[in-house]
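Accompanying notes for the structure given below.
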Amino acid sequence: MMFKQYLQVTKPGIIFGNLISVIGGFLLASKGSIDYPLFIYTLVGVSLVVASGCVFNNYIDRDIDRKMERTKNRVLVKGLISPSVSLVYATLLGIAGFMLLWFGANPLACWLGVMGFVVYVGVYSLYMKRHSVYGTLIGSLSGAAPPVIGYCAVTGDFDSGAAILLAIFSLWQMPHSYAIAIFRFKDYQAANIPVLPVVKGISVAKNHITLYIIAFAVATLMLTLGGYAGYKYLVVAAAVSVWWLGMALRGYKVEDDKVWARKLFGFSIIAITALSIMMSVDFMVPNSQNLLTYVW
């Protein structure tokens with residue numbers, strides 16, 4: 001029974017979602033020649049770091065989690081694990097994860113993990129989430145760290161491919177998070193969390209969602225233009241972006257914002273999973289021509 005609670009507090013759903021993006025970044029950079037031990041070290045290392053961040057987040061948020069319908073049954077809120085034990089647990093998970101990334105992958109992968117972790121736990125959870133409408137924006141950077149770690153575990157270098165991945169996944173987080181804030185509007189209001197839909201209103205949030213999806217669409221195309229991913233990826237990326245944008249635009253005429261936001265959120269997960277899979281299988285081999293050279 002205790003095992004279940006120790007697992008729940010790490011937010012397995014979030015770990016799983018992040019692993020899909022780590023695999024996408026890793027296989028994109030591997031270009032077909034996969035170093036399996038490195039692959040395992042990277043996946044387990046990132047999983048442990050994400051788990052650690054989630055436990056710290058649960059510890060920090062236990063007061064506001066009490067006020068929200070979605071989170072009121074969390075392990076720490078119900079006192080199933082004591083706060084002090086959760087801190088020790090989170091620390092051990094983090095140390096193990098960072099050591100695996102440092103020794104199993106490379107120092108760059110580890111430092112990217114540290115940066116994502118510090119942004120999520122230190123900047124977002126401890127301060128921005130409660131005090132600023134820009135909390136989501138800051139949090140999106142930490143959410144985009146895993147695919148970049150996967151990519152840099154292979155390359156050992158933060159190149160333009162890594163920067164494009166950071167942009168794609170950061171921009172994806174924004175409509176995804178705002179959609180949650182719309183269909184969980186009352187929760188965020190009750191807990192006094194200043195997310196954009198609560199502070200500026202749902203119609204402003206809809207405008208932001210639309211703009212971020214357009215920016216996301218442009219960022220996804222850059223992987224092919226930069227010579228990192230192929231045309232099959234490009235077709236899927238374009239289709240996913242157009243469909244997602246269409247859903248966002250339909251939001252201007254819907255009767256029920258919550259139902260619409262839930263659908264938009266659901267599709268955001270399909271979208272990022274499809275992109276991660278396509279970049280895994282449709283990478284460009286090094287000698288292939290960079291499409292930008294044709295354009296110029």
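Including glycine, each Cβ sits where the backbone N, Cα and C put it.
Remember, TrEMBL labels are computer predictions, not curated facts.
These come from TrEMBL:
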TOPO_DOM  1-9  topological domain 'Cytoplasmic'
TOPO_DOM  29-37  topological domain 'Periplasmic'
TOPO_DOM  57-78  topological domain 'Cytoplasmic'
TOPO_DOM  98-107  topological domain 'Periplasmic'
TOPO_DOM  127-197  topological domain 'Cytoplasmic'
TOPO_DOM  217-228  topological domain 'Periplasmic'
TOPO_DOM  248-268  topological domain 'Cytoplasmic'
TRANSMEM  12-30  transmembrane segment
TRANSMEM  36-60  transmembrane segment
TRANSMEM  80-102  transmembrane segment
TRANSMEM  108-127  transmembrane segment
TRANSMEM  134-156  transmembrane segment
TRANSMEM  162-183  transmembrane segment
TRANSMEM  209-228  transmembrane segment
TRANSMEM  234-252  transmembrane segment
TRANSMEM  264-285  transmembrane segment
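Residues 37-38, 40-42, 44-46, 48-49, 113-114, 149, 152-153, 156 of the same chain, all 6+ positions outside the topological domain 'Periplasmic' (98-107), place their C-beta atoms under 8 angstroms from a C-beta of that stretch. Remote same-chain residues near the topological domain 'Periplasmic' (29-37) are listed as 104, 150-155, 161, 283-286 (criterion: CB distance under 8 Å, separation of at least six residues from the stretch ends). A Cβ distance under 8 Å defines the sequence-distant neighbours of the transmembrane segment (234-252), meaning residues of its chain 6+ beyond its ends; these are 175, 206, 209-210, 213-214, 216-217, 220-221, 223-224, 260-261, 263-264, 267-268, 270-271, 274-275, 278. Sequence-remote contacts of a segment are chain residues at least 6 beyond its ends whose Cβ falls under 8 Å from one of its Cβ atoms, and for the topological domain 'Cytoplasmic' (1-9) they are 54-55, 58, 74-76, 80-81, 86, 89. If you average pLDDT over the topological domain 'Cytoplasmic' (57-78) in this model, you get 96.
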